[in-house]
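Single-structure report; data block below.
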Amino acid sequence: MLTHPQHTKYDKMMFKSRRIVSKSGFFAPLDEKIIEIIMDNSETAGALLTVLDAGCGEGSRLAGLQEKITRRFQRDFLGVGLDISKDGIIIASKDYKNNIWCVGDLARAPFADRKFNIILNILSPANYMEFRRMITDDSIIIKVIPERCHLQELRAVFYQHTDKQNYSNDDTLELFKTNFKLKEIKRVHYKYALEHTGIEPLIRMTPLSWGTTEERLQKAREMNLREVTVDLIILVGGN
């Protein structure tokens, strides 16, 4: 639980934009890989899948995974979403009634020890000490991080001629490996066509836009991009 208000750039406009992009299929190939990982590891997880989405945002990833796994595999799926942003949780609770949604800080997650057999952490900050507290011995952590080409078309505009133009996830990967036994790494790389949503929701959705200027944001809007690169790494870890 939060003891005082949290002011972040994860606001209502960002989450509404992410919902638009998500519903257009932006994350669909990623979802399929995550479902594959969950089902490959579900034998040790027991009949009921207890899944925490840590940093769930507006809830679309957790809800989508729950719907697909329940429908395809007839598995009982208890989904819990936690996010520090009240705006995101309000949207999630209105849109997706079949999950539990909580406003809270990952550093002080409001859950008892050893309650989840799967923790998702998708393009979101993590607190590995809390993750270790909440998982069982045979649980898995599924963390998704950007790879170097992710949204490279936007990065090239936003951060041209700066040290942010080239991205590396080496530090994030090493930190994950120091906290969990790395069981698997999967790369998800594809092109996403902008014909259904246009560029504006994507710009508003991505934290890449936070550190740039309004001039560069406008330049990206005027580029008439037809597609962008989605390039992600899925890390699977356990005790």
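FYI, residue positions are counted from 1 along the chain as it appears here.
Heads up, the Cβ atoms here are built off N, Cα and C, so glycines get one too.
As recorded in TrEMBL, the features of this protein are as follows:
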type: BINDING; residues: PHE27, GLU58, GLY59, HIS150; note: S-adenosyl-L-methionine binding site
type: DOMAIN; residues: 51-128; note: domain 'Methyltransferase'
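Location within the structure of each feature annotated in TrEMBL.
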| residue | record | Cβ contacts under 8 Å, 6 or more apart |
| --- | --- | --- |
| PHE27 | S-adenosyl-L-methionine binding site | SER60, ARG61, GLY64 |
| GLU58 | S-adenosyl-L-methionine binding site | PHE15, LYS16, ARG18, ARG19, SER22, GLY88, ILE91, ALA92, ASP95 |
| GLY59 | S-adenosyl-L-methionine binding site | ASP53, GLY81, GLY88, ILE89, ILE91, ALA92, SER93, ASP95, TYR96, ASN99, TRP101 |
| HIS150 | S-adenosyl-L-methionine binding site | TYR167, THR229, VAL230, ASP231, LEU232 |
Which whole number of Å gives the largest C-alpha distance between any two of PHE27, GLU58, GLY59, HIS150, the residues noted as binding S-adenosyl-L-methionine?
22
Helix, strand or coil for GLU58 (S-adenosyl-L-methionine binding site)? Use DSSP.
coil
Can you tell me how the residues of the domain 'Methyltransferase' (51-128) break down into helix, strand and coil by DSSP?
28 helix, 23 strand, 27 coil
Need one number: mean pLDDT over the domain 'Methyltransferase' (51-128).
96
